[in-house]
Amino acid sequence: MSFTREANGIALATRLFGGPNSDWRGTAHWHVFTAMSALLLAAPAFAVAGWVFTPTSPAVLFYALPIVVAELLVITLAIIAGFDLRATILRLHPITRVGAGVWLAVVLFANLVAAPVPAAALPLLFTTLVHATFAIALWSLVTTRWAPRQKDFLCCAAAGAGLFGVVFTAIVLAELDNPAFDWVGVGIGITNIRQLGFYGVTLSGIALGFGGSARGWHRVLAAIGATLGFWLTILSGSRIALAAAILAAIIIGVLSKSEWRRSLAAQVTLALAVAIPASYLLVPHEAWGFDRIIDRSFASDDPDEYTSGRLTIWMETSSAILQNPLLGHGEGQFRSQIEAAGNGLNHPHNALLQFLYQWGLAGTLALAAMLSATARRLRSALTESRSDTELAAVGALVGLLSTAMLEGALYHVYPVMIVLLCMAILNAAVSTKPSAPAPARMATQSARVALGK
């Protein structure tokens, strides 16, 4: 989430590390490859761990421990590669720094003091702090040492979602004859079948972002990724996830260069034409698949029933927010404090209400302040030329943020990791875009400003 000042990232990287052909690429490349491998393997490892450990250790699934471990590994590798928290904070935009400070103070207070059930808040507080450190560490490195690997990080995230789909399918096929298997909760890296859409939206968004400009076998891989992504999304039975995936495809098309749009339209059409009928090959429960999406889309005239009870949940959540509007109730409290949740829901299925409930108005506004510099910078950058890396990050980001407004994606660890990854890469891609050469003295001054000197 970042948000540099006006210093050019490539000039800074050249100054700090000696340019793209310097020795660090030969001596420290294992850091970045291990970090990318952690992101690639996180999702499939989560699928296997959830399936194996849920019956005896449900915390592995509930707290998404393999995903948290992957983030911690990336943080550790970033530190080994030279990540300096203080120097990185000084590179942030002043508004971002102030917002981050206020947000951190509110988060600590809400979880350690205000939370009615502190034991439920502490594990999620730890995860939130890991998320924040992961985001700033990754951004710090992909604007400097790891800058040449920005695209590769997104490719690894997409490959990880694809491997998750393969592992998920294999486990489902192995469980088809198991009468005791929970086909709604599932437990294979998800706690509800709707969450399968998080992986599908991630995969289709990144694949389509790269697909418009791809040629040869890269285009084939992008088409396969988009098809598998849409297939997983449809399999989830989620109207919201499918709509979000289609919206992401539309946004990618709007932002793409005109010469890429025909290829992109063909890939989207082909992906849906294959994914929809193929989804009928694996429907072990009525809660799965395309028929469920269609049935729920036209099921009822009652607004609350049509939204699967969300209106009631939102109204009760809003009332709870008003009880402590400034600093919130802390994380992990929703299940026990909101009657409409029925002791079974962990979030209000709306990101804005989730933040207001957890961190209050102060924490939510501080979060908005952190993102404001990013929004301003990206708004201007996205009106100019856009690379396939930027489009891929935008695709996954739009899909997951859209899903978060109705499905609660930003409560769950995996989609939060992907959102932070996309934001870090997107900001890095913008800040490291080549610009007109500046006089040596000016470039040096810019680098000093970026480091806070």
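Positions of Cβ are set from backbone N, Cα and C atoms, glycine also.
Sequence annotations record features per position, and here TrEMBL assigns transmembrane segment to 32-54, 60-83, 95-114, 120-141, 153-173, 193-210, 217-234, 240-257, 264-283, 355-375, 412-432. Taken from TrEMBL, the feature domain 'O-antigen ligase-related' covers 227-367.
Only sequence-distant pairs (6 or more apart) were considered; of these, fewer than three Cβ pairs between the transmembrane segment (217-234) and the transmembrane segment (95-114) are under 8 A, so the stretches are not in contact. Across 32-54, 60-83, 153-173, stretch 60-83 shows the highest tally of CB pairs under 8 A with the transmembrane segment (120-141). When Cβ distances are compared across the two stretches, the transmembrane segment (153-173) makes no contact with the transmembrane segment (355-375), since fewer than 3 pairs at least 6 residues apart fall below 8 angstroms. Segment contact is absent for the transmembrane segment (95-114) and the transmembrane segment (32-54), given fewer than three CB pairs below 8 angstroms at sequence separation of 6 or more. Here the listed stretches are 60-83, 193-210, 264-283, and the one with the most C-beta pairs under 8 angstroms to the transmembrane segment (240-257) is 193-210. For the domain 'O-antigen ligase-related' (227-367), DSSP puts the residue distribution at 99 helix, 0 strand, 42 coil.
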